[in-house]
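Visitor: Okay, these came from Swiss-Prot:
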- D14, H15, G16, K17, S18, T19, N131, K132, M133, D134: GTP binding site (BINDING)
- 2-184: domain 'tr-type G' (DOMAIN)
Amino acid sequence: MNHIRNFSIIAHIDHGKSTLADRIIQRCGGLQDREMSAQVLDSMDLEKERGITIKAQTAALKYKARDGQIYNLNLIDTPGHVDFSYEVSRSLSACEGALLVVDASQGVEAQTVANCYTALDLGVEVVPVLNKMDLPQADPENAKQEIEDVIGIDATDAIPCSAKTGMGIDEILEAVIARVPPPKGNPDGALRAMIIDSWYDAYVGVVMLVRVVDGRLAKGDRIKLMASEAMYNAEQLGVFTPHTEPRQSLEAGEVGFVIAGIKELQAARVGDTVTLIKPGTGGAAFTATQALPGFKEIQPQVFAGLYPTEASEYDSLRDALEKLKLNDASLHYEPEVSQALGFGFRCGFLGLLHMEIVQERLEREFDQDLITTAPSVVYEVLKADGEIIKVENPSKIPDAGRVTEIREPIVTVHLYMPQDYVGAVMTLANLKRGVQLNMAYHGKQVMLTYEMPLGEIVLDFFDKLKSVSRGYASMDYEFKEFRASDVVKVDILLNGEKVDALSIIVHRSQSAYRGRAVVAKMREIISRQQFDVAIQAAIGANIIARETIKALRKNVIAKCYGGDISRKRKLLEKQKAGKKRMKQIGSVEVPQEAFLAILQVEE
């Protein structure tokens with residue numbers, strides 16, 4: 001066990017994690033040069049295209065160190081984006097060390113800090129690495145200073161490297177061996193292995209990625225998952241060197257995969273503990289009694305309705321969501337019926353990027369045509385009878401008379417940016433009802449801390465932040481509490497009928513403005529009908545904005561040449577009566593764009 005090192009790489013988006021992982025794999029001979037592709041561990045097309053890492057991947061490598069010993073290194077790649085911080089904490093809890101990669105030309109950014117604190121909380125040894133040293137604008141001294149100021153770990157011996165040219169890779173590997181402690185655990189004890197990740201494979205069923213903590217797991221063993229108490233046979237074991245390499249057994253301290261003929265992913269919950277059942281011996285000596293401390297169940301922060309464009313596609317959408325959930329433990333969904341859109345699902349996501357990626361994967365990998373409603377967050381509603389309910393869907397909030405108060409989720413937001421953009425960012429944060437808590441200067445970087453309602457961030461805060469700071473600002477946020485706030489539900493009515501999927505929750509101070517904006521937008525989108533269509537925005541029974549789409553009408557008096565006015569009036573009255581009848585029975589088609597229009601109402 002002393003020759004095993006488990007480590008992962010943490011960094012902000014685009015600081016070069018995946019390229020560094022490629023170099024390390026190449027240096028340890030995990031892949032021949034001809035198989036080397038950029039970003040080996042990003043296996044999803046979407047990951048390569050967006051240049052981000054979504055799922056954690058692993059590689060088991062052998063490295064001959066300068067002291068002549070051969071070490072087994074397990075590298076676990078982690079995502080850098082704030083929405084996937086959960087994937088990061090899972091990867092880190094399987095490691096003893098982490099390489100903190102900082103772009104020497106950019107310095108410390110928000111997710112670097114967030115992920116680094118996660119690592120320090122889990123007691124992982126952090127080794128700072130300065131990447132992109134080949135760039136002419138690299139400023140290693142400044143970057144070291146920032147690491148010490150902002151994160152507070154000693155960066156005097158930070159390793160300079162360049163993942164692009166391959167400089168400093170050996171130094172990194174030597175540092176991992178020297179500074180990262182070997183795994184602790186009892187190789188002779190009862191088997192305990194933690195599931196770090198699990199995904200579904202069409203041929204073999206569920207594949208579990210496990211980190212063996214105590215004991216050993218051999219091929220053919222009967223295993224039990226402690227949380228669900230389900231039992232299986234370990235049919236195949238192995239490690240990824242990024243390729244799959246079958247093994248006869250996995251020892252304590254190793255990270256590898258187990259295939260046990262599990263049919264549904266719900267059985268192999270991430271964070272569960274795997275242990276042995278020995279046939280015939282009562283299984284006591286080999287079965288662990290105490291599970292490993294797992295992960296906290298992750299709570300989705302952002303909700304949106306996903307509906308199929310054709311009602312007949314409902315079943316295939318459900319299958320697609322089930323399959324996606326196999327690979328993505330943090331996706332939540334439940335069936336929902338909307339009067340406007342028919343049958344669909346209410347889905348919970350970790351954040352906006354996560355939502356976009358789920359939508360894109362549904363459309364790409366599963367060929368779904370989707371209608372998505374505006375994203376919303378969870379509100380706590382204190383009803384007049386004292387009951388507290390959590391509401392994910394704005395249209396489900398009870399009428400104003402039955403509600404004592406609505407509490408909205410407040411998050412603590414950390415914003416990092418160069419000094420020049422502080423003013424613009426502060427203006428933006430105040431617009432979004434942010435309350436400034438703190439402001440700190442670290443060299444040329446400024447860190448602002450705000451409390452903001454999550455509902456304000458969900459719509460477009462991130463995009464706006466990037467545009468006011470020319471892309472230099474970065475952010476991360478964490479949930480703080482639910483707090484009572486003067487928010488109201490704005491309903492959109494078409495000809496007096498509520499369209500439930502268009503309800504939005506906004507702060508009272510912005511309600512009239514948002515109502516007007518949405519109504520005006522809807523007027524542009526809904527096509528003209530044979531009768532007048534009134535589009536109204538209402539808070540309860542109080543109408544705050546209205547637009548009318550005028551009816552298309554035939555010129556009924558074209559056939560009268562001259563003649564009496566009463567003849568013309570008769571025809572016009574007759575037309576009017578017909579339109580009135582039509583309006584009573586006519587229904588208005590709401591096009592798909594209307595649901596997205598709510599998102600694009602400009603501030």
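Glycine too: its Cβ is placed from the backbone N, Cα and C atoms.
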Visitor: Would you pick out, from the binding-site residues S18, N131, the residue whose Cβ has the largest number of other Cβ atoms within 10 Å?
Guide: N131
Visitor: Under a three-state reduction of DSSP output, how is N131 (GTP binding site) classified: helix, strand, or coil?
Guide: strand
Visitor: Can you see whether DSSP assigns G16 (GTP binding site) to helix, strand or coil?
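Guide: SS state of G16 (GTP binding site) = coil.
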Visitor: Using Cβ atoms only, which residues of the same chain lie under 8 Å from G16 (GTP binding site) while being at least 6 residues apart in sequence?
Guide: V101, D103, N131, K132, A163, K164
Visitor: Limited to the domain 'tr-type G' (2-184), I'd like the whole-number average of pLDDT.
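Guide: Overall, the domain 'tr-type G' (2-184) comes to a mean pLDDT of 72.
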Visitor: Test of understanding: give the count of other CB atoms lying within 10 angstroms of the CB of M133 (GTP binding site).
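Guide: The answer is 21 other Cβ atoms.
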